[in-house]
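The annotation domain 'RNA polymerase beta subunit protrusion' is assigned in TrEMBL to 27-402. The domain 'RNA polymerase Rpb2' annotation in TrEMBL covers 180-368, 446-510, 547-607, 629-677. The domain 'DNA-directed RNA polymerase subunit 2 hybrid-binding' annotation in TrEMBL covers 740-867.
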Amino acid sequence: MELRQEDEYVPPVDKSQLISTLFKVKGLVKQHIDTYNYFINHGIKKILQANNFIACSHNPNIYLRYTNIRVGKPIVKLDHSKFWLTPQMCRLSDQTYAAPIMVDVEYTIANRATKNLEVKRQAGLPIGMMPIMLRSSHCLLSGKEDAQLSKLGECPLDPGGYFIVKGTEKVILMQEQLSKNRIIIDTDSKGREHFLSTFTIIITTLIRVTASVTSSTHETKSKTVFFMDEEEIYLHLNQFNEPIPIVVILMAMGMENVLDIVQMVGSVHEDLLAASILDCMNKNIYTQQQALNFLDGKIGITNPTNHGNKKTGLAKAILRNVFLAHVPLNEDNFHPRRIYTAVMIRRMLDAFSTHTFDDKDYLGNKQLLLSGQLISMLFENLFKSMNTHILELANKEYKEHYRSSDVNFDRYLRLNKVITLGLERSISTGNWDLKQFKMHLKGVSQVVSRLSYIAMLSHMTRISSQLEKTGKVIGPRELHTSQWGMLCPCDTPVGEGCGLTKNLALLTHVTTDEEDGPLISLCYTLGVEALSLLADEDLHSPQSYLVMLNGLILGKHKQPKLFAGNMRESRRCGEIGGFVSIFVNEEQRCVYIASDCGRVCRPLVIADGGISRIKDYHMKQLQHGIRTFDDFLRDGLIEYLDVNEENNALIALHECENGTDDPEKKKGDITHIEIDPLTILDADNERVLLLGEVGYDKLGLGAGQNAIVAVMSYSGYDTGGAIVMNKSSLDRGFGRCIILDDDGIAAPGEIIRNNDIYVNKKTPINTRERIGGYRILKEEEYKETPAEFKGSEDETTVVDRVIIYSDTNGKLCIKCMIRHTRRPEIGDRFSSRHGQKGVCGTIVQQEDLPFSELGICPDLIINPHGFARYDLYSILVCSLELFNIL
């Protein structure tokens, strides 16, 4: 019997080599470096453009305008000379690895001769110091070879992605929060008091439906919330002192006809809108001006948008600058925001009818803030604070003398230290107090874990949540199905932080911002109808879907699946960014396109009819160096999908063998295939391999010691998982480690003991009185203040390295590194490569230990009862490893 061509067995292609190739290109901390590079090269300029003008309140002709901003290279000035500042120099001298922030400004200054104002332009004016991330584009280590890195005192295997502040290595943890510029439908609880009598009060809880969106632009950050209360719809905005009826808001934006409001929201919800319309009529509001006058009386603060100190007319400014700030306006044309409001209200009413709400724990509704975004927010907050401080100084000096010659913007900028001190303080303490954004984050930065190389990599990919760890909320702690392949399901701490602290999976990538101009043009080219061409009743027509880009409504499309397919082909061909997401939501009848930052995505192999596009010859080209991982992306063999777009895909763990391995599965439905299932884990899966907690394993570096281990019962000192150690092996150096200290000074290599003087220094006796000028003190004006070493009597302590330097204030500093060797003792803990742990129970002479037929005596003995029942496979693994070696 002959086999037909389609029945021949074709083994699946081994794609595991793609993982190591991806690590060579991407690494595990590239997302931190990419976001920081985007901020340094692009984001900081956008912040400057949004806050580039300062004018004196008493005389608008006195102004300061920023025209450009840039960040230089890390340098240090010494004896009127400039030298490159290296990270190792900062570690040793307790300095901050930072570079100057320089701006080009244009400001007015008074001519002392004519007393007239003149415009002066100045370039390269420093306004502060920016901490530089190691291995970023502005770092001295960027692009260096291994030999060059070694000369600079850096480890070639160090991935970077952290900062050095005051000599301490600090990493900024990724922060988890809800997505910006996205509509979230949820419920909240509101307590109400009912007075039955003088002594009886009943408090009831009302569950109400809300629709909220957090708008985030470089100019404004705000949160808009719509909610239903007693069948009426209200708007909650911080600028108003009470909730505002939604019909009043729509009328204030120019929609005076009630029928237009009903058509834009949807006639199916006419009954739910009736109470809100009736309430507006009861307030005698029928025109736009009446609605604006009503809003002027509800403003709770006097100057929300810097458009005057009077409340009259501020309502329109609030609607233009704060309300749904991420939706752009063309002058005072509120049509885009009216449509956005109608869409939010309709979704809220649909949720009220169907009881379907957005899941806040769904990873697609969340955004990760990386180092670049957090530093950007911090810099924007400090930059605005600096401008406010400069404006206050200018107003104060002009008001005191009413002379423009007293206002000197150049002096204000040079003496300003708000940005430098603010950045150092926040990274050092980990507290992000952003008053401009009303955000107070704690524990954002931490000291880099150097327990092991893998522990450091795991620390760099850690995700922190701002939820209280002592809280009893279950939802954020549970493992969500949307985290598959994006977050490690195992690596989370034990205790109160369980589930709140997470780690990225091996192949997870966190996106950065991309320009949306080309995407908007491509959408209109592919048939998206603009909002300006649509009537109100066409907004919710069942024949077409809404198209939204980064939370902004572009228009509608009548063939959403065809449109999404064309967009994905454009992504695979490289016409748009490789991390752009296209998601068709059939329940909401909307096509979501995302190119913003903070989304988690991962690479998947594209499949045609259940068969992978990657063939055997592709992998052979990869092995011979002909093809790289980027070539797989450019050729449309692999693509990145985020959590939302995965809902439109069917992903298989393994490639189907011509689709015949599972008769119940239609091979044509499979769209993507996993590169390797093990990539759902992270770099340091310590809950599976406990060696991550107690071991010192390092990739490519030292991996502990090879010991001769006997698994047997011997004496009573090995019960309960304890071990018995060979004293002769300890004498030969087995199990010893070197402990390093950070204080003291003496000659390198010198042995010091307890109470030895390692710095013989003197200090002035009189330090309270200030000595005018420079003079040399006499010998009797000093007192002996030697620095003595305090250590154990039994340990041998050796001076390892010594450095003498001057700190940032010019003071002489002495620093040395002291090491002492520790010998294993009873009670010390040891671990195997597979995480079997044991405490030293006793130390026995070699003569009293068992030996093999070849006379081999073990270095330690472990009781077989110390192995857990699920760890017995490790013995087999060790045996196979020994067999392969022999």
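Note that Cβ sites are derived from N, Cα and C of the backbone, with glycine treated the same way.
Remember, TrEMBL labels are computer predictions, not curated facts.
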So what's the mean pLDDT when you look at the domain 'RNA polymerase Rpb2' (629-677)?
82
What stretch in 446-510, 547-607, 740-867 has the biggest tally of Cβ pairs under 8 Å against the domain 'RNA polymerase Rpb2' (180-368)?
547-607
Counts of helix, strand and coil residues, the domain 'RNA polymerase Rpb2' (446-510), according to DSSP:
14 helix, 11 strand, 40 coil
Could you tell me how many residues in the domain 'RNA polymerase Rpb2' (547-607) are helical, how many are strand and how many are coil under DSSP?
13 helix, 27 strand, 21 coil
